[in-house]
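Asker: What follows is a structure written as structure tokens; I'll ask about it next.
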Amino acid sequence: MVPISYYLFLAAALFCLGMFGVLVRRNALVVFMCVELMLNAANLTFLAFARMRGDSAGHVSAFFVIAVAAAEAAIGLAIVIAVFRSRGSVNIDEIKTMKH
Amino acid sequence: MALNDLFNSAPIAPALLTPSLWMIIALPLLGALVCGLFGRRLGRENVHLVACAAVAGSFVLSLLAFWATSSGAPSVPDTFGGFRTSHALWADMGTWFRAGEFRVNFGLLVDHLSGTLMLVITGVGLLIHLYSTSYMEHDDGYWRYFAYLNLFVAMMLTLVMADNLVLLFVGWEGVGMASYLLIGFWYTDPAKAWAGRKAFVANRMGDFGFLIATFLLVLVVGAFSRQSTPEDFRFVRTFRNGQSTETGRGDPSRFQAGLALRGPVTFQGLETLARALPEQQSNGAVTLTTPIAEGPLKGRTFGGVLTVALLLFLLGAAGKSAQLPLYVWLPDAMAGPTPVSALIHAATMVTAGVYLFARMSSLLVLSPVAMATVAIIGATTALLAAIIAFAQDDIKKVLAYSTVSQLGIMFMGLGTGIFWAAVLHLVTHAFFKACLFLGAGSVMHGNGDETDIKKLGGLRHEMRWTWVTFAIATLAITGIFPLSGFFSKDAILHGVHLNRIAGYEWVHSLLFPVGLVITACTAFYMSRLYLLTFEGKRSPEAKVAHAHESAWTMTLPLVLLAVCSVVASVYAFPVLKGRPEALMDNFLSSVFGPTRDIVRSAGTVILDDSLPKMTDYLLAWAVALVGGGAAAYLYLSFFPSRQGQPAQPFALQVRRVVQNKFYVDELYELVLLRPVKFLSFLLYRVVDSFLIDTVLVRGSAWVTVRFGSALRYLQSGDAQAYAAVMALALLGGVVYALFQVL
């Protein structure tokens, strides 16, 4: 059996990749995809620990995360489309409305 | 004695006149207002009418008020529990302002001293107004000029009619302002505007001394009212034929009630204070050497504070009366129109200092130090100014220095306790110096505004009226026998010779010869002025070939003033039956009588009441003749015969130094102006430019801007930047956790 540390290292690598993407990419869609990547990294750890402990709490948590991620993707994509319609761009460099 | 009855009757009852005393001041003030506001629209004739009528009205009212004081009946109630001031009208208009315990009433007082000055101010002022209507004929600013002139008269009247020091100070400042406006009347000429400014600044310095002295007196009076005992008020004591008789006893509560009613700076209150202080009594009474028990002056003696206050008043008087430290403004002030010189610089304003000290005589005699200082300052100024006048070629500047010199003589009289003579000299000087100034104006008017006496000459035949009046006034100021200047000056010199200030006997032995030298100098430079202007041949450099005589409006004042300067000598004679003293002395005794009582009980000055003897007159006359004769010899035969020959280098050197007024202005520049300028430069560069502008104003803005621009990075609105911060924090948390675990 593969030891749990392998799964955790993979999850950490995925999380870092996702975070790197969130921090450096300019396209809002790609940023969303990277967020998904980070969520999946979290899911992977949940599942790995669940298998290790042999109970179902981790699985339930993973399902919650998938549900929240789906909702987030739906609303986020709606916002991105609305921004694209009003500004003609999804480049987050140009969207600095949090300043106000 | 029909004449006596006439003088002792009042055409308008004092009771009727007293409530209207304010009109004497209000009339010229109203004239100033009308001329100043509507003058341009009124036209020349109407402005002349308004201005002259205002002063004439004031003159008539002054005459009536003055007349009423002599009727015997009216006198000022003894508010302070001292003496009733006799032969005076007094109108108290109630509280002017009050702050805590300190209050000042708006009170007007007409006694023989202020009455005399009121007549001089309005009388000579009226003549000068009349003269000005002709002199300022061609000036565009005539309405402005007459407004200022009326304002000046109003302020001068406030000065002399005030019954307290604060109201006097209003007039004191007011005449300063009016003189500033009038000296700089032709303000488009920078030199003339500067002269006005110089006069203003020099006056301000003196006024500062005046103010501090007033505050000191307020404190002294306050301290006295708390510390005095009934013993102090034993002054209800009269001296008759050298015998002192006690007629009653005063009461400290009366004094305090008087203070509460009329304020601490009224002259009546100050006189009561002066009467109370010198008594050599026991029983805890307050005397000059008593220390003040409480307040800001705690520990100082009453006499010491009084001396300091009087010396500060001397500074104030020096500013206004152009005495030694502050006299430099007067000669420059000749830049103003000539009638202004006559009004301000001869007749009225510059004599304000003399008036002040005559008014404060009861306090002055308590301080031998102050008296000696006043006398010495006066003598030094008189001598210095007389020597400077030797070498001036500008007709008005000679007269200006002569004024400074004559004022110095008046101060000598004040400092040696012969107050009536100082006032008499003030009056006679007002007549003949105004006549001289107006004569100089007439000369300028007829000669194309030429002021250099070397370029005049021979005017005797061309300007007859001016010549006659100028000659009379010159003789009067020179001190030739039957004219007024001789007697008034001789009365002062007599006092200087014979009065003794306790502890300062050397002052008299020093000042009397100095006084004679001043007399000789006066005779010399006045004769020189007269000879170069009117005698001899007409100078080839003259601007116009033939001078013309001025209009009647100019010659009439000249004639009247010349007549006055002859007639006024009657005041120096003992003409009253059974009265050995001079007429002016007797006349002013209602004012200076209390001073005499104080002197007798204090023993600070030994007054000599003897009249000048024939030998005194002969001596003074001889001195004046020597001075005048020397000038006549030099300028009529010696210098003309040496025409074309080179002058001695030494003589040229001396003349240059004297002509430049001994470089006093330059000395002030070096000693006072340079350090002040350097200090202000330093303050400007270090404090203002660097500390305030750079560090405080721009510095605080710079710090805010920097701080803001640094904080700006925290709110970029960039979601990724925020996320980066979160990630870094997370990383930090992870690193911390790792360290904790490992």
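Keep in mind that glycine also has a Cβ here, set from the backbone N, Cα and C atoms.
The annotation domain 'NADH-Ubiquinone oxidoreductase (complex I) chain 5 N-terminal' is assigned in TrEMBL to B:96-146. The domain 'NADH:quinone oxidoreductase/Mrp antiporter transmembrane' annotation in TrEMBL covers B:162-222, B:307-497. Among the features that TrEMBL reports, transmembrane segment is placed at B:20-39, B:46-68, B:142-160, B:166-187, B:208-225, B:301-319, B:340-358, B:398-420, B:426-444, B:465-487, B:551-573, B:617-636 (among others).
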Asker: Short question: which residues 6 or more past the ends of the transmembrane segment (B:551-573) have a Cβ under 8 Å from it?
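Answerer: Long-range Cβ neighbours of the transmembrane segment (B:551-573): 124, 127-128, 130-131, 133-135, 424, 427-428, 431-432, 434-435, 438-439, 441-442, 445, 465-466, 468-470, 472-473, 476, 482-488, 490-491, 582-584, 587.
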Asker: Which stretch from B:20-39, B:208-225, B:426-444, B:465-487 shares the most C-beta pairs under 8 Å with the transmembrane segment (B:46-68)?
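Answerer: Answer is B:20-39, with the largest number of Cβ pairs below 8 Å.
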Asker: By Cβ distance under 8 Å, which residues at least 6 away from the ends of the transmembrane segment (B:465-487) in the same chain are close to it?
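Answerer: Non-local partners: 402, 406, 424-425, 428-429, 431-433, 435-436, 439-440, 442-443, 446, 459, 519, 522-523, 526-527, 529-530, 533-534, 549-550, 555, 558-559, 561-562, 564-569, 571-573, 617, 620-621, 623-625, 627-628.
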Asker: Looking only at the recorded stretches B:20-39, B:142-160, B:426-444, B:617-636, which one has the largest tally of CB-CB distances under 8 Å to the transmembrane segment (B:340-358)?
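Answerer: When the Cβ pairs under 8 Å are tallied, B:426-444 comes out ahead.
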Asker: For the transmembrane segment (B:426-444), give me same-chain residues lying six or more residues beyond its boundaries with a C-beta closer than 8 angstroms to one of its C-beta atoms, as numbers and ranges.
Answerer: 116-117, 120, 124, 127-128, 131, 135, 337-339, 341-343, 345-348, 351, 354-355, 395-396, 399, 402-403, 406, 410, 450-451, 456, 459, 463, 466, 469-470, 472-474, 476-477, 483-485, 487-488, 533, 547, 550, 554-555, 557-558, 561-562, 564-565, 568-569, 571
Asker: Using Cβ atoms and a strict cutoff of less than 8 Å, what residues sit near the transmembrane segment (B:142-160) while being 6 or more residues removed from its termini?
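Answerer: Same-chain contacts beyond the flanks: 24-29, 31-33, 35-36, 39-40, 42, 44, 47-48, 50-51, 54-55, 58, 62, 114, 117-118, 121-122, 125, 128-129, 132, 136, 167-168, 170-172, 174-175, 177-179, 181-182, 185, 337, 339-340, 343-344, 348-349, 352, 355.
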Asker: I'd like to know the mean pLDDT over the domain 'NADH-Ubiquinone oxidoreductase (complex I) chain 5 N-terminal' (B:96-146).
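Answerer: Across the residues of the domain 'NADH-Ubiquinone oxidoreductase (complex I) chain 5 N-terminal' (B:96-146) the model's pLDDT averages 86 on the 0 to 100 scale.
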Asker: What is the number of residues in the domain 'NADH:quinone oxidoreductase/Mrp antiporter transmembrane' (B:162-222) that are helix, strand and coil, as DSSP sees it?
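Answerer: Residue counts for the domain 'NADH:quinone oxidoreductase/Mrp antiporter transmembrane' (B:162-222) by secondary structure: 52 helix, 2 strand, 7 coil.
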